[in-house]
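What follows is a single structure, written as structure tokens, with notes after it.
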Amino acid sequence: MDSRAAAEPIPDVSPSPFPNPGAVNRTLEERLGLDLVQAYDWDWWGTLVQSGESLLLILSTLWCILLARVVCQKLRLHGSADLCFAMEFILVILPCILLVSVAVDYSGYIGLIMLGATLWFLRTSRALERAPTALVRLGGNRPMCLSILRALTHLITAVCILAIDFGSFYRPYRKSRQFGAKLMDTGIGLFVFTMAMVSRRTRHWSDLRRSVLYSALPLILLGLARTVSILTLGYGQDAHEYGQHLNAFFTLGFTKFLGALVSILARKDLHLLPLGFGLLVIHQFGLSVLGISDYVMNEDVERSSFLNANREGVVSLPGFVGLFLLSIYVNRWMVAKSLLSYSEFVRKLRRLFYLVLILWTSFVICAYEIGISRVTCNLGYVIWMLAIGSTTLCASFGAIDFAINSVMPWDPNPSEDQEKGLLSGDVVVKKRGGSVVPFTISQALNKNGLTFFLVANVLTGMVNIFLRPEDRTHSESVIILLVYMFLATKLAHELLKRGIRLA
């Protein structure tokens with residue numbers, strides 16, 4: 001039986017032939033008397049299905065990361081950084097590759113197995129009974145659950161940017177052209193979410209200068225270098241993602257700059273909420289009422305000027321800035337207090353769970369009323385990113401700090417430096433090639449995430465040029481993806497072992 005990854009056609013959810021009551025908008029051209037564009041509809045039920053598939057893959061990969069943590073502890077591998085890396089590669093990277101390609105038919109069954117194994121672990125380890133005896137240390141500004149979310153974003157994105165070129169890739173995971181909630185639509189949104197989660201709120205103009213010089217400007221320069229390289233080499237780029245000349249690096253760089261600029265207006269963290277939601281409401285008003293969304297998605301609008309040529313990247317910026325501001329607030333709330341008692345921890349976890357329920361309920365409403373669009377980064381897309389990010393944080397927050405660390409701490413007698421590394425996400429290495437804190441690959445990607453992503457992009461280009469991925473069998477594609485991910489993650493791991501931080 002052939003895998004759905006190759007056999008299943010791409011569902012056409014954007015636009016849908018069936019009318020949606022929330023999609024009847026007059027376009028910008030119509031308001032100007034041009035009457036060039038028709039209104040675009042969406043399949044809201046198909047969007048919910050796509051979102052469920054995406055969330056299942058993300059949570060399955062998270063579960064594999066947690067499994068690797070438990071197995072490395074059980075096998076006492078924490079004395080060898082290389083053995084930890086090898087075990088995590090087998091238990092995390094391999095399943096992630098399989099779940100986006102040849103094993104996609106079994107993802108539902110695998111999810112049920114993971115749920116059963118989780119319940120068995122909680123029962124046999126008595127984690128829920130032992131948790132009330134310990135204090136919970138979140139680790140200052142970098143909780144471990146946040147480090148894992150950042151690593152998840154890097155890993156899944158790196159796998160997908162190459163896997164998509166193979167015939168074995170599950171086609172419904174590909175990016176949406178207009179409306180949709182597919183796996184690859186989460187990439188740029190989760191990058192913005194995690195970038196904000198490790199960013200400080202800009203309080204003074206000196207903070208803005210630091211954000212621009214050390215964060216925004218390097219990303220913008222990388223975006224410029226990518227654009228020049230693509231134009232020079234004649235390498236294809238889908239203009240429906242960010243436009244003809246813009247790319248993800250430009251989006252991240254300008255989001256960081258504009259987000260830091262707007263956050264100066266917030267006198268305290270709570271003010272980020274009205275700023276972020278206010279910006280999103282204005283942005284959605286322009287998309288839905290003024291018809292800017294239809295202008296962006298209209299195939300007949302010629303890319304004759306810079307704005308027309310790059311309308312996707314330009315129009316989506318306000319949405320990403322709104323997501324950035326709200327994500328900063330979520331982070332400030334998460335790390336408001338680093339040492340919690342059991343009751344305080346349960347209270348914070350419960351509130352985070354309530355937030356998750358509210359966000360997913362809002363997502364369903366948005367999916368029906370206004371659609372989910374990464375291309376314009378509309379309100380629905382921002383709510384979706386906040387829902388996925390909060391869900392992953394809640395799951396890892398409870399699993400690591402509540403369950404795993406309460407029954408099997410990584411080192412029964414950690415030194416002060418080890419404790420700092422374990423809890424805060426700051427990497428601590430005893431000696432060259434020596435023991436490291438748990439979640440080795442996640443720590444490596446947090447230390448040199450940009451380097452990892454750049455290497456992954458270079459390797460992706462080389463595979464496309466020399467190996468012709470479209471002609472490879474399913475087994476060959478899995479092997480190539482394993483080698484590709486090994487080279488990229490191993491480089492980051494070697495930098496981690498040597499205490500080197502590039503970017």
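Backbone N, Cα and C atoms are what each Cβ position is placed from, and that goes for glycine too.
As recorded in TrEMBL, the features of this protein are as follows:
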REGION    1-21  region 'Disordered'
TRANSMEM  54-71  transmembrane segment
TRANSMEM  83-100  transmembrane segment
TRANSMEM  106-123  transmembrane segment
TRANSMEM  144-167  transmembrane segment
TRANSMEM  179-199  transmembrane segment
TRANSMEM  211-234  transmembrane segment
TRANSMEM  246-265  transmembrane segment
TRANSMEM  272-293  transmembrane segment
TRANSMEM  313-331  transmembrane segment
TRANSMEM  352-370  transmembrane segment
TRANSMEM  382-404  transmembrane segment
TRANSMEM  449-467  transmembrane segment
When counting Cβ pairs under 8 Å to the transmembrane segment (179-199), the leader among 54-71, 83-100, 211-234, 272-293: 54-71
CB contact flag for the transmembrane segment (211-234) and the transmembrane segment (144-167), at least three pairs under 8 A: no
Long-range environment of the transmembrane segment (449-467) - Cβ separation under 8 angstroms, sequence gap at least 6: 150-151, 154, 157-158, 161-162, 165, 222, 235, 480, 484, 487-489, 491-492, 495, 502-503
